[in-house]
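S.K.: Heads up, here are the entries from Swiss-Prot:
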BINDING   D33, E57  Mn(2+) 1 binding site
BINDING   D97, E100, E225  Mn(2+) 2 binding site
BINDING   E100, G101, T102, Y131, R176, D177, R178, D198, G199, D200  substrate binding site
Amino acid sequence: MENTLGLEIIEVVEQAAIASAKWMGKGEKNTADQVAVEAMRERMNKIYMRGRIVIGEGERDDAPMLYIGEEVGICTQPNADQLCNPDELVEIDIAVDPCEGTNLVAYGQPGSMAVLAISEKGGLFAAPDFYMKKLAAPPAAKGKVDINKSATENLKILSECLDRSIDELVVVVMKRDRHQGLIKEIRDAGARVQLISDGDVGAAISCGFAGTNVHALMGIGAAPEGVISAAAMRALGGHFQGQLIYDPEVVKTGLIGESKQANLDRLSSMGINDPDKVYDAHELASGENVLFAGCGITSGNLMQGVRFFHGGARTQSLVISSQSQTARFVDTIHMAGQPKTVQLH
């Protein structure tokens, strides 16, 4: 899969990032997201595959494209019988976030990315549009920290695993009212807190790389992004755990349903009979071959954002493979055409 689709999915996230970056700083988060969705879908439909969106822009009735269940790729087109050889057909599941951090793009802030994860059919957890409690940590702490432990306990373990004092550790937490107690506990334990307004996928993945100065991600964020983070962290050998949040009182916002019981009923209808289950990276991204791809829209901890020049753009992308256990950074110059001749006076 890596050999056949690796470069293709890099181009998918590159095109989404370039489209969205044109709206950077214009205060139009919905437009920044919309153009990224359109660009991502257009490029996906040029790939020789039969892809199915398992995590996307929402339910079919709420999203015109890249909705959950939508099929993409050349082999889903009306004339697929003429274009595709069934013996060569690649069937994959896809999780997408064409503009991870729409507010970051709209206000010109760092850390937004176009991201996706793919696996063979059935290889990605089809997370509902709920919240998820998350814990990400470096490979050295894999299986040693635990989401059921307190932040204080996990920081002590992390300190030992990384051979660092607690006051050297940096924990990323989303700046939300629900995290006030968590933030206080982390600070009281002696660690430093980096607050982010949006975009916890990049924060989770940063834990998998040495030198990013991010040692853990803690707190509650969106579940679909948790699956994408898990796909990357699984390939990196890092620690990732997620637990679905089905009680609206925990987050006091409208991303999940109106009542706890309604959410439990929805989970049951999806075949999730243990709503309190803690999932690890292998359970969220269980496929034999899992690929993650991301491209910076605005510059962040991992990647430079899109930089435009006359007649083109420059992007920095990242592709991570569970099969080859590699992470490749890709620096690309996109040349739209020959530069115009400018006459100086």
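Here the Cβ of each residue, glycine as well, is placed from N, Cα and C on the backbone.
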S.K.: For D33 (Mn(2+) 1 binding site), what is the tally of other C-beta atoms lying within 10 angstroms of its C-beta?
M.R.: 22
S.K.: For a quick check of packing: other C-beta atoms within 10 Å of the C-beta of E100 (Mn(2+) 2 binding site), how many?
M.R.: 28
S.K.: Through the lens of DSSP with three states only, how would you label D97 (Mn(2+) 2 binding site)?
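M.R.: D97 (Mn(2+) 2 binding site) sits in a strand per DSSP.
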S.K.: Just checking: which of D33, R176, R178, G199 have a Cα that is within 10 Å of the Cα of E100 (Mn(2+) 2 binding site), counting only these binding-site residues?
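M.R.: Passing the 10 Å Cα cut: D33, G199.
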S.K.: Would you mind sorting out which of D33, E57, E225 (the binding-site residues) have a C-alpha within 10 A of the one on T102 (substrate binding site)?
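M.R.: Within 10 Å of T102 (substrate binding site): D33.
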S.K.: In Å, rounded, how far does the Cα of G199 (substrate binding site) sit from the Cα of D97 (Mn(2+) 2 binding site)?
M.R.: 10
S.K.: Give me the long-range Cβ neighbours of D97 (Mn(2+) 2 binding site): same chain, 6+ apart, Cβ under 8 Å, in sequence order.
M.R.: I55, A114, V115, L116, V201, P224, E225, I228
S.K.: Quick check: with D97, E100, E225 left out, which same-chain residues have Cβ atoms within 8 Å of the centroid of the Mn(2+) 2 site Cβ atoms?
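M.R.: So the extra residues in range turn out to be G101, M113, V115, G199, V201, A222, P224, I228.
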S.K.: When DSSP is mapped onto helix/strand/coil, what comes out for E225 (Mn(2+) 2 binding site)?
M.R.: helix
